[in-house]
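So the structure is just underneath, and the comments pick up after that.
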Amino acid sequence: MEEEELQKAVLTYLRKKGFTKTELALQEEQQNRLPSHSDLPLSRLENSPGRYKNGYSKLRSWAHCSLDLYKHELLRVLYPVYIHCFMDLVAEGHMQDAREFFQNFREDHELMHLRDLQKLEGILSPSHLEEMELARSLRQNKVRIKICEYSYDLLLQYLQKTQSFSILGIVNERINFEVSPGQPISISDDAEVVALVGSSHDLAKHINQKEVRWGLLEDSVEERLEKGNSDSEKAEDENKEIEPEENKAITMIFFKTLKRSAGGGKQTAPSKKSKKDKLVAATGKNVRSETSTVAVAPRVKPELTLPVMPMEVEKMIINDLRNRVQLSSMALPSVCFYTFINSHNGLNCSAISQDGSFVVGGFSDSSLKVWDMSKIGQSATLGEDQSTFNEHLVGTEEGKSSCTVFHGHSGPIYSATFSPLGDFLLSSSSDSTIRLWSPKLNANLVCYKGHNYPVWDVQFSPFGHYFASSSHDRTARIWSMDRIQPLRIMAGHLSDVDCVQWHANCNYIATGSSDKTVRLWDVQTGECARIFIGHRSTILSLAMSPDGRFMASGDEDGAIMIWDLSSSRCISPLMGHNSCVWSLAFSREGSLLASGSADCTLKLWDVTSSVKGQKIEESKTSTTNRLRLLRALPTKSTPVYTLQFSRRNLLLAAGALSKC
């Protein structure tokens, strides 16, 4: 029986029996009774600003008190709920309550999301939600969270039991759960289980199913050299087979003599020599196994019309390949570090030519300076006044300086890069233009206009002629030197495209963005071929392995991830730096990865062991296999701006002297 019917029945009974005073007292009590929390209008409950704080604090307490096996998964839900509670309070105009809520629970998320919180802290009015790019992206797109089936059921049961409509609405509208059967995802995989992917997460799954031809180009210089080496080895084997009988006899006599002397028991020299020979043989096998990753890579045809390589250039490259130092975990590279002094925090970027003979720096005063390393010693012998005077006489016989200053941009220069042969130089600026320079002619050749906002990065293709750029306008573009308009425009990122990198076969480019994703684009079609999700902050650097199968990405928080292009999975996330990772580079045979950071360190990682471990772990639940740190090389007080390996595997690096 309902409560109202029961009350009517009681009043009727009292009236029938003549209990007038009791009837009046009961009616007065019903009129004076305060309405309960459940009797309040739903509109009043929904408009109360305190509902967000109560709902979030209860969810937070419940998640922290859950079983340890599922706690780390349930805690992932707190951050998106927290930021959307704050933004909903701001949108409703409850600014004071929004500030209190933001400050009360901020400490829970500072460890993993400090940079996002620093940006969101600047929201002071509802209009800021539309003006701030991060807030707009968060409100327009969903957050993807990987969670196991049992944890998902626990969360649903809690939300249904508490009937917290504000929290339930945020979970339904703002979070996209990817539920997986089985045990919870390990804590070490947290880096890739929470990401802002927008409403196109299903599209990302569809995109990642496309085939990526990650091999090297057919008939490349490396392939021809490899064939030449194999042919020479075969010729040597044939010569050994047709060895004269006399030499065979001499060899047999020599081995018999050696065997008799070894049987004497006191001949220690031959035993030492044999151990040394075994060591050399072992290292030789290691070298072959490491270099075979490039040799066995599949061959693909180029989708772009590549320039013809001159014969003298090809001979120079072959000579460098023959004299290349084979690197491994036991044989680390030599490092040549160029330090900019007295830059007064004006240096924004730097680049080094392939052979290390030229170094360029892009400055905030819109100037581009190129140093010729062969003339550094000559300028040092001049006096200060004479050296300064000679900087303005570049190109004349009387006053040759080691530094050439280029002027042309009308804003700070954010990126610079040399062509593979070092005969051209590209720079990009906040004036939304890209300029092509000739170090030989000391002149600006072309000004490329196409972007609408600052251009953050520009990179030449591995074969020259083509280059790619990335900009604040959320696009990446592909250009050729002989055309002033872009050939392709890659659009799809939700925020700035901060860095760009070419694939080894020139058929793809990779882009890193402030939306915390990395994308791989097909150069021929301009379509997205891969979306890599896992970073928690802006991606600042990218690098491709020499065989084209793997890609490394570094972000603003110091995290580095190694991705498999064929499966679009992260095989090796690692946390080795304390600040922004500004540069990444694979060694020429792909066995090592070098990373440079704003924390004034250069680190070397063992890629070979990680890739081998990944093959073993593919059949297991966890796919994470962290790279082994081989060496950390700290500078005195110089953040590492750029890194690259020369063709002979010399590691070249540059940075500006400052206080770390």
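Keep in mind that glycine also has a Cβ here, set from the backbone N, Cα and C atoms.
Per TrEMBL, compositional bias 'Basic and acidic residues' is recorded for 223-233.
Residues or ranges marked as domain 'TFIID subunit TAF5 NTD2' in TrEMBL: 46-175.
If you look up TrEMBL, you'll see 223-243 (among others) marked as region 'Disordered'.
Annotated region 'Disordered' per TrEMBL: 261-284 (among others), in sequence order.
Panel annotation: around the repeat 'WD' (340-381), residues 387, 390, 400-418, 420-422, 425, 427, 429, 431, 437, 439, 641-642, 644, 646-647, 650, 652-658 of the same chain, lying at least six beyond its termini, place a Cβ under 8 Å from a Cβ of the stretch. If you look up TrEMBL, you'll see 340-381 (among others) marked as repeat 'WD'.
Same-chain residues lying 6 or more positions outside the repeat 'WD' (406-438) and placing a CB less than 8 Å from one of its CB atoms are 313, 348-355, 357-358, 360-370, 444-449, 451-460, 462-464, 467, 469, 471, 479, 481. If you look up TrEMBL, you'll see 406-438 (among others) marked as repeat 'WD'.
Look at TrEMBL and you will find 448-489 (among others) tagged as repeat 'WD'. Break the repeat 'WD' (448-489) down by DSSP state and the numbers are 0 helix, 22 strand, 20 coil.
What TrEMBL lists as repeat 'WD' is 490-531 (among others). When DSSP labels each residue, the repeat 'WD' (490-531) comes out as 0 helix, 24 strand, 18 coil, counted as helix, strand and coil in that order.
Feature annotation from TrEMBL assigns repeat 'WD' to 532-573 (among others).
When Cβ-Cβ distances below 8 Å are used as the criterion, the repeat 'WD' (574-609) is approached by residues 290-291, 293-294, 324, 326-329, 332-333, 335, 337, 540-547, 550, 552-562, 626-645, 647, 649, 651, 653, 655, 660 of the same chain, each at least six residues removed from its ends. Positions annotated as repeat 'WD' by TrEMBL: 574-609 (among others).
Residues 133-134, 137, 141, 195-198, 204, 207-208, 210, 212-217, 300, 302-304, 306, 456-463, 466, 468-472, 474-478, 537-548, 551, 553, 555, 563, 565, 568 of the same chain, all 6+ positions outside the repeat 'WD' (490-531), place their C-beta atoms under 8 angstroms from a C-beta of that stretch.
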